[in-house]
């Protein structure tokens, strides 16, 4: 599916990858999850991102996810595919497979093993784009890649027409606003924010949407928040933003380490009967005590969201 | 001057420290600068912060700045004083001096040499508060202190009534919004944002104001942006926010290293005839080529700001 | 080839990967390089490490390197294979391929995308070992993986008999010596050091050898330094260590960024007529000016090394 | 006391600061501690370093420590004084006070609040030296200052004759050896290592000594290890180094956070009846359970050290 006007916007959830084992897809769960999310009115789907545990999955499995998701979505919304890798050749391989599966675009964070300099990152993009059969969205994700696409590098990459957008997961809004200054030269360029806690302000101040992990669980909440911000309805934005913050400080904050968010979302999806909560190494699913807390939180939030976001 | 209702809000510029030498105050410049800022309608003044180069100044000089500024302000707005130090005893000394000079509150970032743990930071605050004759504002400044007041630590510190607010300079808005969740228990607690690039969204989403370095130069711009955000005037917020971003990517982005912001502001103040641009080590003022660029930027922005923010 | 007594020691160079293109092996260069290194009397060979640019290469190419190198070495020394990956399943795949190619052991750094905690890293090893048909050497490489196998995690991993050693590239010798304390419980465990600048002291103080990148170029230098340290000949150690430091501060220090070491070695190998200097993204080979400097350095060091390390 | 030949070498313990309260010196403890250390045969004394908790102490107290220690040492060994500060003027003040107290040299780590660039750090040294009445030792301490004196900066600073040495506490021995290459141009320049775990190899490979915190407790152990390394007695070095490692992994490893080392040493000194274990904020002394463990360790090590290091 080609992007309409080459443009991505709105809520594009980073799809959780339902697993039965470390190298086995929960195919039934995947179907249910895709339908659950699409029913919420989202504007696209992003597979094989950080929330999708992509770097932890085998290439065989990544291909299975791409083809099954694209088939299931069947053109209802654009599907964008994460091709971030430490290997240029494997990124290009995934992009070709994505195009063959009728995906709409690919997403690339910096190759994250070697400490590349900014000119090297720019050259990486310049070399890679001609190998890609799909438009490219950059992905700034310093907490995981330990490399930043610095504003000046992004500005230079924006000279390449096939680079159509950037998703920023840094949580640093000064960075985000700095990139927004470049949009005058490229009004077709999309700026999406990663952390859902920042969706409201991003869209209020001219950003184009969000890649909200929580939209796996509560897709309609994020769609409504996006719509309120587009409409400039500040009261409604504040109200829904407050709800997002409460979810963030409960469901995503059980357990330790940087993985609480992922574990919480997967656990909640399993409790909702949508898909398995199995996680690929280096993580594992929540045990009973954490599960009980997530369950309580769901009992609290489900009625509120149902009443506020119908 | 006591804080009215114990509450700080609005635009509280972090005062630049005008210097004639590394240990000599530009007293005339200080007077002009204070009057220039107050004329812009700001709601308070923060002396001896990062923008004030406080850690680079001698204790003698810090005391001189406190007493002269308080005398000059003479109760027109609250003056808050940075007492951040690696030494508990010196922080307490500065706080006592501030109270004697009729300051309104003191501001403390984590003691920044030893890698203290979160319980140690909490205990630090608990031990320090009884030694302080003034209310305390916490200051989260990870880029310079390399320590964070983690949300859970702030929540616990909010049990202490004398801790009346927090200024966050992390630029991480997820962090900021996480703290906002705690305000229900402490409606008298102030949340201020450091980077002026984030003032608009902070206030739109319920924050109380900003400690904007740029307000040394263009105080009215930040006051107007604050007022627009309080009023929920999104169009005006977008317009003024865009201006703030343009200033940020020009005047603050000449030169290298983390000090561009400081050097740019001081250089611009000197060009405007307000105060000297001398800087204490480890920095030095801009040379002629950088000065010329700052001058061009001023020529560009002065008329725009005069027409838009009168 | 099984490890004799299950034990690795001595000089085990991390093989540079000779490339004709980003996904094409320089097969002739690989043969020459392997013979050049083995002629220097090394005690093993490590393929697909950081020096081998492994994370930047496709899986197809990684397999080709494994099988060609093992065939070329033909049991003359043990071959150990890097299987570090962000995907558990791909690490296991590479290990199975390595066993089929008659490699002797595999080497694993922490999976380096997600910020895993120490218990998660230990569990990773515990889950992976049963999937591996070869013994496992851990690889501490914080500058690239941003994760550390902390001493306590290593101590626990040493309870697994199939974990036979650790290579430390942190350059932090306090870390290294801390691990040495655990050797009493596991006298069969090998501790190897990564940075060749630390080979002398490592072996003088009881370490078992080094994975010296420079041994691609000057294998005999590192073998002689190792032998001198084993023999406790401090004068000879100091003399050869000094030579290593001079190489380190010249050949490895041309150009910018963290990649100077890799580029310098590959450039020197090309100048010596051993193999191509092509590099996979995110890097590229040196241009003429840097090449000229490397050439001068080779002219300086070749005669010294020939006379001192024959 | 002038430095003999301008040269520091050997074991120069970083003096623990005995305290009765956060701003009150344990003067009796200080006397006992100085005598205890000097009785061990050390070659100098370093006051107001990290181990001395200097950044946590008031300036009044720092002056008291300088004058009392210099008076107590009375020229028996050189006393060097830490003047590291974020304020240039305060560093100069402390240096003048040190000279008046007859100290031999001063020690400076980078000013550690602002993120200064390398040229700014070099300029800092160039500006400061003319203000100092005593020779200057640089102090590389990245874990606490978050700034590194990069090798090239050190090389340039070595052009200043008054810069007479460097203490490296990075634990990165590649860095240390890189600096050693510069000694040919400045044979009078001293390179000292911070972590005592690296004393053996440092001196075996040509370094000049160590600033060993453990020498507050067991001065003779480090003196003997230094002597063995100077003599090239590798067996004795290995034996004493092993003892140092055991102390490091027991006495310095009780408790959490980066402060275990400091707390362990102070606790042990109190148990030995030498001085108080009070600590200035942000730390506090060990409680009974940790104290009991330190006591056990002392019971274990005291007889071993007495028999091996008499």
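Positions of Cβ are set from backbone N, Cα and C atoms, glycine also.
Summarising the annotation, TrEMBL assigns pyruvate binding site to D:51, D:211. Among the features that TrEMBL reports, active site, proton donor/acceptor is placed at D:139. TrEMBL lists D:167 with the feature active site, schiff-base intermediate with substrate.
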Quick one: Cα separation, residue D:167 (active site, schiff-base intermediate with substrate) versus the residue listed as 'active site, proton donor/acceptor', in Å?
5
List the residues of the same chain that sit at least 6 positions away from the residue listed as 'active site, proton donor/acceptor' in sequence and have their Cβ under 8 Å from its Cβ, in sequence order, or write 'none'.
D:49, D:82, D:84, D:107, D:108, D:109, D:166, D:167, D:169
List the residues of the same chain that sit at least 6 positions away from residue D:51 (pyruvate binding site) in sequence and have their Cβ under 8 Å from its Cβ, in sequence order, or write 'none'.
D:14, D:15, D:16, D:213, D:216, D:261, D:262, D:265
Far apart in sequence but close in space: which same-chain residues, 6 or more away, have a Cβ under 8 Å from residue D:211 (pyruvate binding site)?
D:12, D:13, D:14, D:46, D:49, D:167, D:169, D:192, D:193, D:194
Inside 10 Å of the Cβ of the residue listed as 'active site, schiff-base intermediate with substrate', count up the other Cβ atoms and send me the figure.
26
Helix, strand or coil at residue D:139 (active site, proton donor/acceptor) [DSSP, three-state]:
strand
